[in-house]
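Q: My structure is below; once you've seen it, I'll send some questions.
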Amino acid sequence: GKKSLRQKIVDELKHYYNGFHLLWIDTKVAARMVWRLLHGQVLTRRERRRLLRTCADLFRLVPFLVFVIVPFMEVLLPVFLKLFPEMLPSTFETESKKEEKQKKKLNAKLELAKFLQETIAEMAKRNKADTG
């Protein structure tokens with residue numbers, strides 16, 4: 001069914017609340033990781049990636065806050081998201097956007113695998129012709 005305007009507003013507010021809450025949690029975890037780094041401990045690959053993602057999210061938050069703080073500026077948010085798709089912090093992404101990104105990555109990997117497979121087959125044919 002179609003949602004009422006009130007329900008849409010409530011859903012958007014919940015989305016923003018959850019996004020900020022997740023960003024706050026990520027920031028606390030990242031601060032602990034930085035503390036560990038400063039005291040000579042080594043981060044795992046997963047921790048390093050999470051720290052980099054959180055730092056990038058904090059830098060993306062600055063332009064995003066302009067849309068949240070300035071009244072009625074959120075109306076232009078979809079336009080800017082079309083122009084700059086990576087503008088939103090990762091904690092504000094919807095499930096459909098995450099799935100779309102995963103599909104694009106998978107298609108790129110499949111194309112790369114296909115290219116490599118064709119290249120190897122061609123090299124094998126050349127080697128076979130050279131030896132035979």
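In case you wondered, yes, glycine gets a Cβ from its N, Cα and C as well.
Taken from TrEMBL, the feature domain 'Letm1 RBD' covers 43-128. What TrEMBL lists as transmembrane segment is 58-81.
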Q: The domain 'Letm1 RBD' (43-128): mean pLDDT?
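A: Here the predicted model's pLDDT, averaged over the domain 'Letm1 RBD' (43-128), is 86.
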Q: Could you give the number of helix, strand and coil residues in the domain 'Letm1 RBD' (43-128) as assigned by DSSP?
A: 73 helix, 0 strand, 13 coil
